[in-house]
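As annotated by Swiss-Prot, transmembrane segment applies to 11-31, 41-61, 67-87, 102-122, 139-159, 185-205, 219-239, 255-275, 281-301, 306-326. Sequence annotations record features per position, and here Swiss-Prot assigns domain 'EamA 1' to 23-151. Swiss-Prot lists 198-325 with the feature domain 'EamA 2'.
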Amino acid sequence: MKGGKMDKLKPIIAIISLQFGYAGMYIITMVSFKHGMNHWILATYRHVVATIVIAPFALILERKIRPKMTWPLFLRILALGFLEPLLDQNLYYIGMKATSATYSSAFVNALPAITFIMAVIFRIETVNLKKTRSLAKVIGTAITVGGAMVMTLYKGPAIELFKTAHSSLHGGSSGTSSETTDQNWVTGTLAVMGSITTWAGFFILQSFTLKKYPAELSLVMWICAMGTVLNTIASLIMVRDVSAWKVGMDSGTLAAVYSGVVCSGMAYYIQSIVIRERGPVFTTSFSPMCMIITAFLGVLVLAEKIHLGSIIGAIFIVFGLYSVVWGKAKDEVISVEEKIGMQELPITNTSTKVEGGGITSEVNEGVTNNTQV
């Protein structure tokens, strides 16, 4: 029983761990942008690092189980590299620069809802509002997104949970938010919305691709390699300054290495496994937790204050996530019960014998013997 419970907890622990990784990436990436890092170059180096890290494991560990590459598979992998490494990441970076990190991160929390809608359209998820489990997934998704929006749109009074010695150093940081009012919010909003939509599409296409190419490490290697090629081409077109490619011991290099190893290599692999086992909706349902983790890391590391809106939103997110996970768990229970029921159906072997002037039908494994004279 312990092993069974642990198997159910592993995907949850893995996805929650990824949220810590993403929170760290947001902080490091913002620092690198402030020091002049170009987002096209960052996306390119990020996938160079990810490919180098993942390739040895994929080539060695999956050499016997790796499916043969075909043109349809190659085109799917090319589309995956186009959707997430190129479009999603660069659109998000553009949106974050045009608006603000807080504003753009709020839209990330729409990812579970968009993924759920796409999953229903492509019949990966089924919805029957007469069933409690389906209703729980729909309501839970709405509550999760709503809670994340509350954290962003309703600030409320500051609540100082931890008294820090560095509080006074960050007292003037609140004025920085006013700087974003002069920026192009329309362009930024459209860019972030496009980013989240392509990310959701990536999860859906990945779930289909895994059915044809069930070698997670190899798939991640191919996605990262495609991301490297596509981002390199885009960078050569969009970035004219050769010095932007310069690599040094700075925040830009740290951002590329960290995001490449943690948020591309490890994240793609973990997400592939969880998607195969629990589906794309379950995988994306935990993304709003990144905002909560970032808020608490901000308190501990940057001596920031948590506001009432953040606490209220966090409570909503927890309830929403519980509702979605409960609905998915019920789906799995129903699926297992149906499989067991199919296996337990009686198999009847009917033999027919001709005896004299009549026909005798005998059911060996069943309950009845019928004789026709």
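The backbone N, Cα and C atoms fix where each Cβ goes, glycine too.
Remote same-chain partners of the transmembrane segment (41-61), defined as residues 6 or more beyond its termini with a Cβ less than 8 Å from a stretch Cβ, comprise 29, 32, 85-86, 89-90, 93, 215, 217-218, 220-221, 224-225, 227-228, 231-232, 235, 239, 244-245, 247, 252-253, 255-257, 259-261, 263-265, 268-269. Of the recorded ranges 67-87, 139-159, 219-239, 255-275, the transmembrane segment (102-122) has the largest number of C-beta contacts under 8 angstroms with 139-159. Per-residue pLDDT, averaged over the domain 'EamA 2' (198-325), rounds to 85. In summary, the transmembrane segment (219-239) does not lie against the transmembrane segment (185-205): fewer than three C-beta pairs, each 6 or more positions apart in sequence, are under 8 Å. Simply put, out of 11-31, 185-205, 255-275, 185-205 has the most Cβ pairs sitting under 8 Å from the transmembrane segment (67-87). Sequence-distant contacts of the transmembrane segment (185-205) (same chain, six or more residues past either end, CB-CB distance under 8 Å): 76, 79-80, 83-84, 87-89, 91-92, 94-99, 103-104, 107-108, 110-111, 114-115, 118-119, 122, 124, 271, 275, 280, 283-284.
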